[in-house]
Every structure is written in C-alpha cells, then in structure tokens.
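Just below is one structure, and these are the notes that go with it.
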Amino acid sequence: MTNKQTIAAIVPAAGVGSRMQHNAPKQYIQLAGKTILEHTLAKLFQLPKLSTIVVALSDSDPYFDELSFVDKRIVRASGGKERADSVLNSLLFLAPNPPTWVLVHDAARPLVNISDIERLIDECMCADEGGILASKVKDTIKRGRTHAIQTVPRDDLWQALTPQFFKYDELKNALQNALASGATITDEASAIEWAGKPVKLVAGRSDNIKITTPEDLDLAGFLLHKQQNESAL
Ligand SMILES: Nc1ccn([C@@H]2O[C@H](COP(=O)(O)OP(=O)(O)OP(=O)(O)O)[C@@H](O)[C@H]2O)c(=O)n1
Ligand SMILES: C[C@](O)(CO)[C@H](O)COP(=O)(O)O
C-alpha cells in the first residue's frame with residue numbers, strides 16, 4: 001500500500017438480532033469466552049493497515065461500554081434503522097478526515113479468516129477497484145414456493161460475505177444516492193452495483209458465516225474454539 005492510501009474499518013454492530021430470538025442483541029452473546037463482537041474486533045486488531053475501526057452501535061446500546069479494548073483505533077458511531085443506514089452514518093462520521101478505502105465487516109461474522117481479508121485488500125488495491133469476499137454456492141438452489149419451484153443455474157452464483165472493501169468517496173456517494181432513491185440495499189456491493197460500478201468477487205472461506213439464527217451458535221462456538229486452539233500453537 002503506498003503511504004498516501006489509508007484504510008478505515010466499519011463494523012456494523014447496531015442490529016437487534018431479531019432472528020436469534022435472544023434476550024440481548026446477538027453480537028453480545030458469549031462464545032468461546034468472549035462476546036461475538038469481541039471476537040470480530042480481535043480479528044480486525046490483527047490488521048495494522050487499518051487506521052481506524054468505527055463500530056456502529058445503537059445509541060441505546062448498554063453493553064458496549066462494559067467491554068474494554070487495548071486497541072485505541074476503536075471509535076463509536078451511531079447505528080441507523082437498517083444496516084445500510086448504520087454504514088452510511090459511519091461513513092459520514094469519517095467525513096472530517098476521510099480514508100482512501102473503507103473495509104466494512106459485520107460484527108456477526110467473527111469467524112473471518114485474516115488471510116482472506118488481506119487478500120481482499122491486496123487484490124482490490126492492486127486493481128484499484130472495490131470488491132467483496134464471497135463464497136461459491138455449493139448447493140442446488142431453488143426459486144419459488146411449494147409446487148412451483150425452479151432450479152436456478154448456479155455456475156455464476158456466489159454468497160456475498162464481508163468484509164466488503166471500497167473507495168470511501170465511491171461508497172459514500174453510492175450509498176447516499178441509492179438510499180435516497182428508495183433502493184433496497186442489503187450490502188455495500190448492492191449500492192455500488194446500483195451506481196453501475198464494478199465489484200470484484202474475491203473467493204473467501206465459506207465458514208465465514210454470519211451468525212443469524214440459534215442453530216448458528218453451536219457451529220460458530222466450535223469453530224471459534226478451534227481457531228483459538230490453532231492460534232495458541
Ligand atoms: N440497523 C442495523 C442492522 C444490522 N446491523 C448490523 O449488521 C450486521 C448484519 O446484520 P444482521 O445479521 O441482519 O443483524 P441483525 O439486523 O441484528 O439481525 P436480524 O435481521 O435478525 O434482526 C450485524 O452485525 C448487525 O449488528 C447494524 O449495524 N445496524
Ligand atoms: C452484508 C451481508 O452480510 C452480506 O451477505 C448481508 O447482506 C447482511 O444481511 P442482513 O439481512 O443484514 O443480515
């Protein structure tokens with residue numbers, strides 16, 4: 001990375017985790033000795049290229065201040081109604097001192113592999129084009145409802161993961177304009193696509209799961225323990 005280019009991370013962590021049906025937002029569920037959010041941030045702390053780590057939190061979040069972090073790159077921004085609003089709020093928070101690039105990574109994806117993130121950053125910066133981690137679809141995919149289903153050709157189907165990595169200005173403008181137009185934006189790439197700009201797909205590990213529903217917890221807990229044991233070797 002040339003010394004003039006900077007990278008800020010944005011961690012959307014302002015969700016309520018309704019699909020988890022838990023008594024607290026899922027990012028604060030304890031797995032392998034830490035909250036999911038702490039596991040996710042611990043991954044980003046291993047990336048010295050990140051100048052700042054913006055964590056988007058609900059203004060009424062009573063849990064975050066109970067956590068303590070040695071890494072002083074963490075700053076808090078206000079979350080929004082939807083994930084895209086939380087990301088846009090974080091981008092606007094960075095406006096007084098904007099980075100060259102932003103790396104957006106879900107708080108709910110603590111299993112992400114560091115080398116996948118580094119590869120995403122390197123490939124995008126080399127191509128000077130934004131991109132996302134994604135995993136090739138492995139199952140047969142159906143569209144429709146009972147008695148009226150179709151099999152979807154899957155050769156070019158990918159599951160979008162995070163991090164998603166884009167130029168600050170490009171993402172801020174695309175997100176602002178897409179949301180203002182009423183477009184449905186569920187990830188950063190969909191705003192960039194809405195703006196008609198290219199998105200690189202960088203293959204990432206499929207175990208970089210988004211912890212979403214209760215059955216994700218056992219798998220995530222097992223894999224987090226496995227990662228901890230491996231890093232202790
Ligand atoms: N208004 C929102 C909604 C979601 N998120 C974050 O975006 C990530 C991915 O969203 P998702 O998995 O959908 O989390 P929730 O919205 O909390 O889950 P649910 O849809 O089940 O309520 C999570 O880290 C979540 O905290 C956010 O920052 N702001
Ligand atoms: C950003 C994301 O994780 C990419 O797959 C996904 O779009 C988040 O969707 P959610 O409904 O907000 O969980």
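Using the three backbone atoms N, Cα and C, a Cβ is placed for every residue, glycine included.
In TrEMBL, annotation is done automatically, which means it is predicted and not curated.
What TrEMBL records for this protein:
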- Arg19: site 'Transition state stabilizer' (SITE)
- Lys26: site 'Transition state stabilizer' (SITE)
- Arg154: site 'Positions MEP for the nucleophilic attack' (SITE)
- Lys210: site 'Positions MEP for the nucleophilic attack' (SITE)
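Annotated features taken from TrEMBL, shown on the structure.
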| residue | record | Cβ neighbours (10 Å) |
| --- | --- | --- |
| Arg19 | site 'Transition state stabilizer' | 13 |
| Lys26 | site 'Transition state stabilizer' | 25 |
| Arg154 | site 'Positions MEP for the nucleophilic attack' | 13 |
| Lys210 | site 'Positions MEP for the nucleophilic attack' | 18 |
Rounded to the nearest Å - Cα separation of Arg154 (site 'Positions MEP for the nucleophilic attack') and Arg19 (site 'Transition state stabilizer'): 27
Between Arg19 (site 'Transition state stabilizer') and Lys26 (site 'Transition state stabilizer'): CA-CA distance (Å): 9
Rounded to the nearest Å - Cα separation of Lys210 (site 'Positions MEP for the nucleophilic attack') and Arg19 (site 'Transition state stabilizer'): 12
In three-state DSSP terms, the structure that Arg19 (site 'Transition state stabilizer') belongs to: helix
Distance-selected recorded sites near ligand 2 (C-beta under 6 Å), from Arg19, Lys26, Arg154, Lys210: Lys210
Of Arg19, Arg154, Lys210, recorded sites neighbouring ligand 1, Cβ under 6 A: Arg19, Lys210
Arg154 (site 'Positions MEP for the nucleophilic attack') in three-state DSSP notation: coil
